[in-house]
Amino acid sequence: MTAPAVPQRLSAPEPGWTDTVDVVVIGSGIAGLTAALKARELGTVLVVTKDVVASGSTQWAQGGIAAALSPEDSPEDHLHDTLVAGAGLCDPDAVRALVTEGPDAVRDLIELGARFDTLADGDLSLTREGGHHRNRIAHAGGDATGAEIERALVAAVKRADDIRLIEHALVIDLLTAADGGVAGVTLHVMGEGQLDGVGAIRSRVVILASGGIGQLYAATTNPSVSTGDGMALALRAGAKVRDLEFVQFHPTVLWLGKSAKGQQPLVSEAVRGEGAFLVDHEGKRFMQGQHELADLAPRDIVAKAIMRQMLATGKDHVYVDARHFGDEKWRVRFPTILASCRSHGIDPVRELIPVAPACHYSSGGVWTDLDGQTSMPGLYACGEVACTGVHGANRLASNSLLEGLVFARRIAAHLADGLPPLRQPVADVRVPGLVDADVVDEVQRVMTVGAGVIRSARGLSEAGATLAKLIEQPAGEPGTPGWEATNLVTVASALIAAATVREESRGSHWREDHPDRDDRNWSGSLDLTLPSEGETARPRTTFVPHDSKENAHHG
Ligand code: SIN
C-alpha cells in the first residue's frame with residue numbers, strides 16, 4: 001500500500017494584506033512564548049496563534065516539568081532515564097543538552113514568575129512519574145503545572161509591549177524563496193479592520209511552535225486546536241519530518257464510555273508517582289512483575305500492559321486505585337483531577353477511577369538540529385511540533401515542557417549570532433487543494449482503529465485506503481474547518497507511511513505482526529518528505545541508520 005496522496009498546498013484566497021517582521025513565532029505554548037520572549041532582543045517579533053493565546057496543550061499539562069533539581073539527582077541520571085524510555089532512538093547529544101540546560105531553564109522560569117509547589121522548608125516539591133528513577137518532576141498548583149507556566153509566560157509576553165500578538169489566526173502555508181529557504185507565511189486572521197482575512201507576513205525567520213496532532217485520533221488528551229497544522233505546512237513546503245510513527249498513548253485517561261470523543265480528562269502519571277496503582281475489574285494489580293518499576297514503568301510499557309489486559313478480559317478500561325490518598329491529599333495534591341473525576345460522577349476518594357489509553361503526544365515531528373534549525377533555511381521548530389531527537393521512540397514523562405523551554409532558548413541563542421536576511425518570496429507553483437471538512441470524524445475513527453495503539457500491515461493498509469477515499473470527497477469553500485481537515489489528513493498519510501514501513505515494535509510503535517524490537521534492521525529513524533506527484537503530493541520515507549553521519553543532529 002502506498003500512503004494516500006494529499007494536496008501540495010492549501011486552497012486559499014490570495015493575500016489581501018502584507019506585513020513584515022524579523023521573526024514570526026507560530027504557536028503560544030511554552031515553546032512559542034519562550035522563543036518570543038528571547039527573540040525580542042534580536043528584532044521585531046510577531047506571535048501568531050490559532051485561538052486565544054492560552055488555548056494550546058501547555059495549559060493542560062498536569063504532572064509537571066522534569067529536571068535534575070534535587071541534590072540527590074543529576075543530569076546524568078536524567079539522561080539515563082530519558083535514553084531508556086526512548087528505546088534506542090534518542091539522539092544522545094540532544095538529550096544531553098536537555099538535561100544539562102534544563103535545571104537553569106526551570107530556575108529562569110521561576111525568576112520570570114512561575115510559582116511551583118514547595119515543601120515547608122521552601123525547597124521545590126519534586127515528584128516521580130513513569131520511567132524516572134528519581135523524584136525530579138516540579139509541579140504547580142498540585143496538578144496544574146502547565147496552567148501556571150502558561151500564566152507566567154502570557155503575563156511576561158503581555159508586559160513585553162514590543163511583542164506583537166495575533167490571536168484567532170491560522171497559518172496557511174509558508175512563503176518560500178528561490179534558495180529553498182523560508183520567506184514568511186500566509187495566514188488567515190479572523191479579525192476586524194486592517195488584519196482581517198488572508199494576508200502574508202514576510203519575515204527573516206519563522207519559528208514553528210504549533211504543537212501536536214492529537215486530533216488525529218477519536219480520543220485524545222489534546223485540545224481541539226491540536227490538528228497537526230505545523231507538521232503539515234512544513235511537509236508541504238519541503239521540510240523533513242522524522243519519527244512520526246511514534247505516537248504516545250497516555251495509559252491513564254479518564255474513561256468516559258465507548259463513544260467518548262475529542263479531548264478527554266487526563267489522570268496524571270503523578271497520581272501513580274504518589275503511590276496509586278492499576279487494577280483490573282477483579283481489583284487485582286497487574287503491573288507487578290511486568291517491569292522493575294511496576295506501575296511506574298515507562299509509559300509505552302504501561303499502555304501496552306493495559307491494552308493486553310483489556311484484550312484478555314474483553315473490557316474497554318481498567319482502573320486506577322488511589323482511594324488510600326484520602327480526602328486531604330486528593331484536595332491538595334490533585335485538585336484538577338479530583339474536580340474532573342467528580343464532575344463525571346466518580347469520587348476517587350471512595351471509588352476506583354476508570355481509565356484507558358488515549359492519544360497524548362507526538363514524539364516525532366519536524367526534524368531539527370541542536371539549534372532548532374529544520375532542513376529549510378530560516379525555518380526553526382521547537383516544542384511538540386519538532387523532532388529534536390530528545391524523545392526517540394517514546395517520550396519520558398514530563399520531558400516535553402522542558403524540551404519546549406530548552407530548545408526555544410537554544411533557537412534564540414543561535415539566532416543571536418545574526419538573523420538571516422529577508423528572503424524574496426517566489427510565486428507558488430504548487431497545485432492548491434482542500435479536503436472536505438466533514439471527513440474529520442471518519443479520519444479519527446480510521447486512525448484509531450488502524451494506526452492507533454496496536455497496528456498491523458493490514459490495519460494500516462485499510463486505514464490508508466479509507467483515507468484516500470475521504471481525501472477524494474468534494475470539498476467546500478476554503479476556511480479553517482477545511483484547512484484543519486487537510487492538515488489532519490496530510491499528517492495522517494505521512495504517519496501511515498512511516499508506521500507501515502517500520503516492521504518492528506519499538507517504544508510507542510506496536511506492530512502485532514512484528515511484535516519484537518529489531519535492532520539489526522531498525523536501529524534508526526524514518527524521515528518523511530512530501531514530494532509532488534502530478535497535482536498532489538505523496539509521503540516518501542527514508543531510513544536513516546542511527547549511527548549514520550546524517551543522523552548526527554549537529555553534523
Ligand atoms: C501526566 O501528567 O501524566 C502527563 C505528563 C506528560 O505527559 O509528560
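Backbone N, Cα and C atoms are what each Cβ position is placed from, and that goes for glycine too.
Counted within 10 Å of its Cβ, the other Cβ atoms near ARG299 (active site, proton acceptor) come to 27, all protein chains included. What TrEMBL records for ARG299 is active site, proton acceptor.
The compositional bias 'Basic and acidic residues' annotation in TrEMBL covers 502-521 (among others).
Under the heading compositional bias 'Basic and acidic residues', TrEMBL lists 546-555 (among others).
Residues annotated as domain 'FAD-dependent oxidoreductase 2 FAD-binding' in TrEMBL: 22-401. Taking the domain 'FAD-dependent oxidoreductase 2 FAD-binding' (22-401) as a whole, pLDDT averages 95 in the prediction.
If you look up TrEMBL, you'll see 502-555 marked as region 'Disordered'.
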Q: Six or more residues out from either end of the compositional bias 'Basic and acidic residues' (502-521), which same-chain residues have a Cβ under 8 Å from its Cβ atoms?
A: 85-89, 245-249, 299-300, 303-304, 363, 392-394, 453-458
Q: Helix, strand, coil: count each for the residues of the compositional bias 'Basic and acidic residues' (502-521), based on DSSP.
A: 3 helix, 4 strand, 13 coil
